[in-house]
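The structure under discussion appears below in the form of structure tokens.
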Amino acid sequence: MPRIENDIKLDFKDVLLRPKRSTLKSRSEVDLMRSYTFRNSKGSYRGIPIVAANMDTVGTFEMALALSKFTLFTAVHKHYSVDDWKEFATKNQECVQSVAVSTGTSEGDFDRLGEILAAVPQLQYICVDVANGYSEHFVHFVKDVRQNLYISNHTIPEGNVVTGEMVEELILAGADIIKVGIGPGSVCTTRKKTGVGYPQLSAVIECADAAHGLGGHIISDGGCTCSGDVSKAFGAGADFVMLGGMLAGHSESGGEVIEKNGKKYKLFYGMSSDTAMKRHAGGVAEYRASEGKTVEVVYKGPVDVTIRDVLGGVRSTCTYVGAGKLKELSRRTTFIRVTQQLNTVFGNDN
């Protein structure tokens, strides 16, 4: 029988953070570095836990090099060849610890993953990525990856899911970090096409609670439109925050620069869009529908400026709530529900 849950679920746009007394004198005093030890792999991590999404037009080798300078992380998209990985690792050994190799769940994906790990043994992170993390096949795949002797010590981020019980099942199956988010991305149309999803803020709060109870971690994947949303995700309990649209349109993003009417643009598309499926799967299969869109993003130049803006915004959040370290932000966070966030008399852009 159908059922309705009556408690209201919230998104980033539905809340603001309540300011609190602070002893911090400057944003420069805020420490954004985090250190984690992962439940299943026993691997360790230290860095600023913001992650470039494993999308063609975001999770590139060029993006990884740029972000690693800030100790940020990149989930590299899965369409690089073994030779591409060899060349990247040979030329940029210091960056390899700041990237994850991405894979799907087909037999071909698993074979290709093994080839890449054999070619670049210093890789420590495997991002197992599917749109629907609720399938039994996905859980079995995670178990197989964890139990494989060749890759059993790697740290595994995987997803996507949005509810606590599935977070727990995947962690117990062998995952270390769970990607949380179904449909919040700027070029994702899953909620429109399927009617399935979960408001991102509530998903992060509930999934973080489930993961942390087992010693696991989560990534808030999707839904961030500005640095304030990144702060809200961390405040809600996310250990990592993954960005797609906010990192699109830069020099390091994949794709060519397009010129129209004297302005420069770059393509940005969802990985279930017509564009992605035509590029990588020969088109949209008869049994499925596109669940992503393609947009032209105004060319923004090097990503460094955007990263500094995001990090500055998160530091400022910490000073407003009295968190001297990013680690303290969730403990210092009180969300207040709102009906309006911005004064829009001069538009919504700033």
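Every residue number used here counts from 1 along the chain in the order it is shown.
Even glycines carry a Cβ here, placed using N, Cα and C.
Annotated features in TrEMBL:
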| type | residues | note |
| --- | --- | --- |
| ACT_SITE | Cys188 | active site, thioimidate intermediate |
| ACT_SITE | Thr190 | active site, proton donor/acceptor |
| BINDING | 26-27, Lys78, 129-131, 182-183, Met271, 287-288, 316-319 | NADP(+) binding site |
| BINDING | Gly183, Gly185, Cys188, Arg191 | K(+) binding site |
| BINDING | Asp221, Gly222, Gly223, Gly244, Gly245, Gly270, Met271, Ser272, Arg288, Ala289, Ser290, Glu291, Gly292 | GMP binding site |
| DOMAIN | 10-340 | domain 'IMP dehydrogenase/GMP reductase' |
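Compared over the recorded positions Ser26, Thr190, Thr319, the count of CB atoms lying within 10 A of a residue's CB peaks at Thr190. For the domain 'IMP dehydrogenase/GMP reductase' (10-340), the mean pLDDT of the prediction comes to 91. A Cα-Cα distance of 8 Å separates Arg191 (K(+) binding site) from Ile182 (NADP(+) binding site). Ranked by CA distance from Gly223 (GMP binding site), the recorded positions Ile182, Gly185, Cys188, Thr319 have Gly185 at the top as the closest. Of all the recorded positions in the record (Ile182, Cys188, Thr317), the one with the smallest CA separation from Asp221 (GMP binding site) is Ile182. Long-range Cβ proximity for Ile182 (NADP(+) binding site), meaning a same-chain Cβ under 8 A and a gap of 6 or more residues, is found for Ala131, Asn132, Asn160, Val161, Val162, Thr190, Arg191, Val196, Gly197, Tyr198, Ala203. Here Gly245 (GMP binding site) is compared against the recorded positions Ser26, Val130, Gly185, Cys188, Thr319, and the shortest C-alpha distance is to Gly185. Note on proximity: among Gly183, Gly185, Cys188, the recorded positions of the record, the Cα nearest Thr319 (NADP(+) binding site) is that of Gly185. Under the three-state DSSP scheme, Lys78 (NADP(+) binding site) falls in the coil class.
For the pair formed by Ser26 (NADP(+) binding site) and Gly185 (K(+) binding site), distance between Cα atoms is given as 33 Å, rounded to the nearest Å. Working note on the recorded positions Val130, Cys188: by count of other C-beta atoms within 10 Å of each C-beta, Cys188 ranks first. When the neighbouring Cβ atoms lying within 10 Å are counted for each of the binding-site residues (Lys78, Arg191), the highest count belongs to Lys78. For the recorded site, Ser26 (NADP(+) binding site), the DSSP three-state label reads coil.
Across the structure, Val130 (NADP(+) binding site) and Gly183 (K(+) binding site) place their CA atoms 13 angstrom apart. Cβ neighbours within 10 Å of Gly223 (GMP binding site), excluding its own Cβ and spanning all shown chains: 28.
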